[in-house]
Structures are given as C-alpha cells and as structure tokens.
Amino acid sequence: MGPAILFFFEDRYNALVRRDSETYSRKVKRIIYFAINYIFTLLMFIPPIYNIPDQEMAKALTLREFPCLPPNVVNTPGFFRIAEDITVLSVSLISVILLDTAQIVFFFLGTAFKVFNMKTASKKTSDMQKHFFKCLCFQVAIPISIILLPCWYVVVLTAMSRLDQAVNNIICILLTVHGIISTITMLAIHKPYRLATVELFRFRKSTTSTSLFVNSLH
C-alpha cells in the first residue's frame with residue numbers, strides 16, 4: 001500500500017509541477033523510479049519470509065509469551081505466526097515506511113504549494129485543482145487511518161510483548177469493511193463518479209421497465 005500511496009502523490013506532482021512531464025526521458029525515468037521502489041519493497045520483505053519459524057514451536061512460544069491466551073486459539077486451524085523475534089520484521093517495516101513517508105511528504109508539499117499558489121491559471125481552474133487535491137488527500141486518508149495506523153499499532157504492541165484481543169478484533173473489522181468505506185468515500189467526494197453510478201442504476205431501471213412493457217405486449 002505504501003508504494004501505491006506514494007505513486008498517487010507522485011502522479012499529481014508530475015502532472016502539476018513538472019514541466020517535462022510529457023517528454024520521453026521523463027517517462028523512462030518514472031518507470032525506473034517506480035521499479036526501484038517496488039523492488040526495494042519486495043526485497044525488504046524477503047528477510048522476514050526466510051525467518052518464518054516452525055509453527056508447532058511458534059505455537060508453544062506464543063502460549064509461553066501470552067499465558068492468558070486460550071490454547072484453543074493457538075490450535076485453531078489457520079493460526080500462523082510470522083516470526084519468533086519481531087526485530088527482523090520491525091526493521092523491514094520501518095525501512096519501507098520511512099522511505100515511502102519521506103517521498104510522500106516531498107511530493108505532497110510540492111503539489112500543495114503549486115496548487116495553492118497558482119498564478120497563471122484562472123480562478124475557476126485554480127479552485128477546481130484545489131478541490132480535486134483536497135478530495136484526493138481525503139481519499140488517501142481512508143486506507144492510512146483504517147489499515148496502516150491500526151496495523152502499526154499491532155506491531156508496536158507485539159514488539160512490547162503485549163496482546164490486546166479487543167484491539168485485534170476491531171482491526172479485523174476495520175480491514176473487512178475497508179473496501180466498502182473506500183468506495184462510499186470515493187462516491188461521496190467525487191461528483192463525476194457519483195453521477196455515473198446514479199446514471200448506471202437509472203439505465204438498469206429503464207431497461208427493466210422497457211423489458212416488462214415489451215413482454216406485456218406479447
């Protein structure tokens with residue numbers, strides 16, 4: 001998700017700030033830039049994958065670390081522990097988060113400065129750009145608040161050898177409803193998508209009515 005949010009802001013920065021956004025060299029550089037970020041993210045998750053413990057030993061370790069945890073939870077089919085020591089996973093996650101955050105802040109500030117200090121565009125164009133940028137920022141805030149922050153909180157609790165099952169349950173619920181919340185948010189803040197969706201349902205309703213009318217004639 002980090003690279004997706006990063007490229008989201010990079011795209012706006014490239015379209016509004018860069019004057020060479022349509023040149024061939026710029027497009028090639030962007031492809032290389034995207035590839036480097038994705039490769040780095042993938043490489044950072046290789047160490048945790050190679051440190052996945054034997055699950056029987058991991059279950060025993062989990063019960064020792066969290067004695068209040070009922071054994072039937074650990075013995076539930078599908079139970080999986082990704083690491084005995086959270087250090088490797090934490091270093092990988094922190095590295096990716098810090099790199100992505102630094103780039104996101106750079107592109108966000110550069111785009112925001114450009115959008116809110118437009119001098120050459122008309123007032124209508126400037127207002128539209130500002131509104132669109134605010135809507136996009138609000139849309140990006142949904143996965144950050146529903147997925148990234150709660151998951152980061154769980155990582156911190158795990159590093160402190162603490163378990164809060166209520167928090168885990170809430171996070172599972174948030175992850176489950178993330179898709180529908182993002183969809184509703186997109187329809188609520190972006191008028192073109194909202195109108196297109198309304199027209200889609202109107203078209204279906206009209207088609208159904210026409211079909212019923214034709215069948216009644218037969």
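Quick reminder: no glycine exception, Cβ is built from N, Cα and C everywhere.
TrEMBL has this to say about the protein:
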type     : residues : note
TRANSMEM : 31-50    : transmembrane segment
TRANSMEM : 86-110   : transmembrane segment
TRANSMEM : 131-155  : transmembrane segment
TRANSMEM : 167-189  : transmembrane segment
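If one looks beyond the transmembrane segment (31-50) by at least 6 residues along the same chain, the residues whose Cβ comes under 8 Å of a Cβ in the stretch are 2-3, 6-7, 10, 82-83, 88-89, 91-93, 95-96, 99-100, 103. Long-range contacts of the transmembrane segment (131-155) within the same chain, counting only residues at least 6 positions beyond its ends with a Cβ under 8 Å from a Cβ of the stretch, are 1-2, 5, 8-9, 12, 86, 89-90, 93, 97, 108, 111-112, 115, 167-168, 170-171, 174-175, 177-178, 181-182, 185-186, 189-190.
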